[in-house]
Amino acid sequence: MKVAVIILSILVLAAASESIEEYREDFSRPNAMERSANDWIPTAPSAVERSADFAVEELERATCAGQDKPCKETCDCCGERGECVCALSYEGKYRCICRQGYVWIAWYKLASCKK
């Protein structure tokens with residue numbers, strides 16, 4: 001019984017340390033903790049998933065200089081029930097992104113949409 005408790009404790013510690021490491025990687029960019037929720041835009045999961053996705057590439061290329069109007073004219077959020085708005089990315093550039101309320105629609109949701 002004691003051996004089972006020890007093994008279970010080791011597994012829990014291993015899982016916790018992995019979660020901590022992932023958290024550190026997420027915030028390893030400079031000034032990541034200083035940014036507000038509205039300034040942070042998630043990136044695509046991988047280059048392979050993005051390579052053929054016109055919708056994602058279109059949104060990444062679209063610059064809007066802080067104005068929502070160009071975004072509303074050029075993107076449709078790939079059928080998601082959201083709105084296309086202009087937001088400051090972690091790169092310090094304004095980009096068109098899709099959001100539902102205060103939640104950014106993740107890039108992987110846009111990956112299935114091709115215009």
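Every residue, even glycine, has its Cβ placed from backbone N, Cα and C.
In Swiss-Prot this protein carries:
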- C64-C78: disulfide bond (DISULFID)
- C71-C84: disulfide bond (DISULFID)
- C75-C113: disulfide bond (DISULFID)
- C77-C98: disulfide bond (DISULFID)
- C86-C96: disulfide bond (DISULFID)
- 1-17: signal peptide (SIGNAL)
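DSSP classifies C96 (disulfide bond) as strand under the three-state reduction.
Listed disulfide-bonded residues: C86, C98. The one with the lowest count of other Cβ atoms within 10 Å of its Cβ is C86. A 10 Å cutoff on Cβ-Cβ distances gives C96 (disulfide bond) a total of 23 other Cβ atoms nearby, all chains included. Note: the Cα of C77 (disulfide bond) and the Cα of C84 (disulfide bond) are spaced 6 Å from each other.
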